[in-house]
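Report on the structure given below.
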């Protein structure tokens, strides 16, 4: 499309190539390769200890990889002349000296880059910490600490945002606020990469998903594909003739559960088939719908597979 | 332009006017130093201690013991200054170990990922603050002590006397040296209690205790211990010391290079 973008990486692209990180004998990240593109919110999903935080620390150069590369715009983070405007990171909630005020913490970081105090006040207002900006951070709640961390990440108005569990400790208003904020930032063409163990949260915020388990890549896909590809679709039927319908539906590959009287959850078939079967036998249906399966279901299934792969158990299906 | 390209979201361009600079890092460390209450408290303690102890000792010296020339006069006046180097060293250690214990080091090194600039700027800013503060303290304590010793045999020491001014700046240099050494120890050990323990035990006390050991070679080595090498620069009559004035400066430099070399290498290599 144009000559400028042909020879170099896309602005804001995060590239992880064969990243491996060991702490002593423990392998936290194991040959991980993926890329995060600008313009969309990318979720980074994995159970606790999967290596999400380690990967994020490697991107901003705090942890050196045992092998492989973590780069932004084709560069190692430490090569940037202006790191805070390239990448803004929220790593752990409290990366702040407890005895320092929120304002002074931001000011000290701003001064490294010659960022004016006007911008410090801007980000304080943006995250809603105006009233407590002069207070010592030691007295902050978890949610206030998160807001300060987000202010730090936004300080340089960066092209790439890396946020480790940003919704942790936020109240429902805060969660809604950050969801809108991140979508807005992505729509400006920035790269937004956030980790979470709250799968439902990512489903509402992210368009793209990177899923890891035990330091390995499990999926690199869109949220929609992830859910439809991994979630077990099932048909929910409500019928006064549920018991008889179940008899007619039964067959190989079809499982039927009855969570309550008059309700069936049928998997292994489609709603159309269930409807036809009911019509053929003159059975009344009050409700017939397909549940797509939640991101949570999909995630559980995928990580369960990963565990089975690493620890094969015989005789258990 | 293709249709696909037109539906793509616009490329975001971050602000171009900001740069990570060493001057910026210095200003950042200055802001960090003065934004902690502990800095004010510890430096206030150092000032009160060095001035107060100097005055107390000078005032309580009996006239018949106030003899021994300019070195005696300075040792009475500067007793508190020497001891308050502990406050300064502890504060120096805390400027860096405090970042590790609270986690703020992650913010600091995310903003300055080359890392070494953080170490140099911390050392420069703190060293400069200590130099200015203790230059003032050394002179204030000297005049105060001389006023209290007035009328005794050592009550008329003048700054223009041979070696007096040099010895007074020697006290300042000694304290700055110990402060810088403390920062390097903090950067190496990264733990407040461990670093303070190491400083007090190994830098301050061990050389004193070592002289009690029965081996002769210990006496030969002790003057070269990091805590002892600045002794010569803070006396008026340098002929008494094991190290000459030049050797004293040289060994202070050697220990700083060793300490900062190790601190720098570890800072680059270790994960944060």
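Heads up, the Cβ atoms here are built off N, Cα and C, so glycines get one too.
Note that TrEMBL annotation is computational and uncurated.
According to TrEMBL, the feature transmembrane segment maps to B:40-61, B:73-98, B:119-144, B:164-189, B:196-215, B:249-267.
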Stretch among B:40-61, B:73-98, B:196-215, B:249-267 sharing the most Cβ pairs under 8 Å with the transmembrane segment (B:164-189): B:73-98
Residue numbers, six or more beyond the limits of the transmembrane segment (B:196-215), whose CB comes under 8 Å of its CB atoms: 86, 89-90, 93, 178, 181-182, 185, 189, 221-222, 225-228
Remote residues contacting the transmembrane segment (B:73-98) - C-beta distance under 8 A, at least 6 residues beyond either end: 29, 32-33, 36, 38-39, 42-43, 45-47, 49-54, 56-58, 61, 66, 104, 119, 122, 126, 130, 134, 137-138, 141-142, 144-146, 149, 154-155, 157, 164, 167-168, 171, 174-175, 178-183, 185-187, 189-192, 195-196, 199-200, 203-204, 234-236
